[in-house]
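Q: Have a look at this one before I ask anything.
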Amino acid sequence: MERTFIMVKPDGVQRNLIGDIVERFEKKGFKLVGAKLMQIPTELAETHYGEHSDKPFFGELVGFITSGPVFAMVWEGENVILTARKMMGATNPTESDVATIRGDYGLTVGKNVIHGSDSPESAAREIDLFFDSKELISYEKDSDKWTY
Ligand code: RTP
Ligand code: MG
């Protein structure tokens with residue numbers, strides 16, 4: 001079953017959005033297989049956002065993501081990578097649809113509440129960067145048979 005890395009960014013934690021975001025993914029039918037509140041060290045932030053190291057906003061991005069605790073999660077389910085990106089909405093909240101997380105709660109591209117892996121390769125890389133395999137749990141739920 002597919003897995004993806006999802007993170008409530010420091011603005012989302014400060015604005016009390018952890019519960020809402022977890023609830024959206026739970027109600028959709030996805031399964032939480034790992035989660036932790038953490039403060040991202042600068043080096044991990046630079047590695048995580050390495051694809052943007054040449055961009056003018058890189059310093060600001062690393063500064064923001066390390067500015068306070070984040071809530072890091074791994075979610076599992078059919079097509080979870082692409083579906084999570086749809087649930088998040090477009091990167092810039094001025095372009096994200098209503099009823100998406102960024103569309104409902106974001107106003108600026110710099111503080112857009114949530115991160116989610118954008119491909120199977122990113123998901124594998126980011127899960128490995130943020131979680132030890134011992135922190136991820138495979139388990140059955142009675143509701144699985146009503147979801148699939
Ligand atoms: P994320 O990686 O955080 O999930 O966001 P994303 O895939 O939707 O967007 P991405 O292109 O990977 O950009 C990473 C983050 O950089 C910030 N950004 N700022 N000032 C700007 O023009 C600009 N462009 C991107 C955003 O906070 C974005 O989430
Ligand atoms: Mg991205």
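Note: Cβ is positioned from N, Cα and C throughout, glycine not excepted.
According to TrEMBL, the protein carries these features:
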- 1-138: domain 'Nucleoside diphosphate kinase-like' (DOMAIN)
- Lys9, Phe57, Arg85, Thr91, Arg102, Asn112: ATP binding site (BINDING)
- Thr91: phosphothreonine (MOD_RES)
- His115: active site, pros-phosphohistidine intermediate (ACT_SITE)
- Ser122: phosphoserine (MOD_RES)
Q: Can you see whether DSSP assigns Ser122 (phosphoserine) to helix, strand or coil?
A: helix
Q: Please compare the recorded positions Thr91, Asn112, Ser122 by how many other CB atoms fall within 10 Å of each one's CB, and tell me which has the fewest.
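A: Lowest Cβ count within 10 Å among the recorded positions (Thr91, Asn112, Ser122) is Thr91.
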Q: Report the largest Cα to Cα distance, in Å and rounded to a whole number, among the residues Lys9, Phe57, Arg85, Thr91, Arg102, Asn112 that the record lists as binding ATP.
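A: Largest Cα to Cα distance for the ATP-binding set is 21 Å.
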Q: Could you round the CA separation between Lys9 (ATP binding site) and His115 (active site, pros-phosphohistidine intermediate) to a whole angstrom and send it over?
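A: Rounded to the nearest whole number, the Cα-Cα distance is 7 Å.
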Q: Less than 6 Å between Cβ and the nearest atom of ligand 1 is the rule; apply it to the recorded positions Phe57, Arg85, Thr91, Asn112, His115.
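A: The ones that qualify, in sequence order, are Phe57, Thr91, Asn112, His115.
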Q: Measure from the Cβ of Lys9 (ATP binding site) and count the other Cβ atoms within 10 Å, all protein chains considered.
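A: Its Cβ shell of radius 10 Å holds 24 other Cβ atoms.
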Q: For the domain 'Nucleoside diphosphate kinase-like' (1-138), DSSP counts of helix, strand and coil?
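A: So the counts come to 62 helix, 24 strand, 52 coil.
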Q: Would you say which of the recorded positions Phe57, Arg85, Arg102, His115 has the most Cβ atoms within 10 Å of its own Cβ?
A: Arg102
Q: How many Å separate the Cα atoms of the residue listed as 'active site, pros-phosphohistidine intermediate' and Arg102 (ATP binding site)?
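A: Rounded to a whole number, the Cα-Cα distance is 10 Å.
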Q: Please report the Cα separation of Phe57 (ATP binding site) and Ser122 (phosphoserine) in Å, rounded to an integer.
A: 20
Q: Counting distance between Cα atoms, which of the binding-site residues Arg85, Thr91, Arg102, Asn112 is nearest the residue listed as 'phosphoserine'?
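A: When the Cα distances are compared, Arg85 comes out closest.
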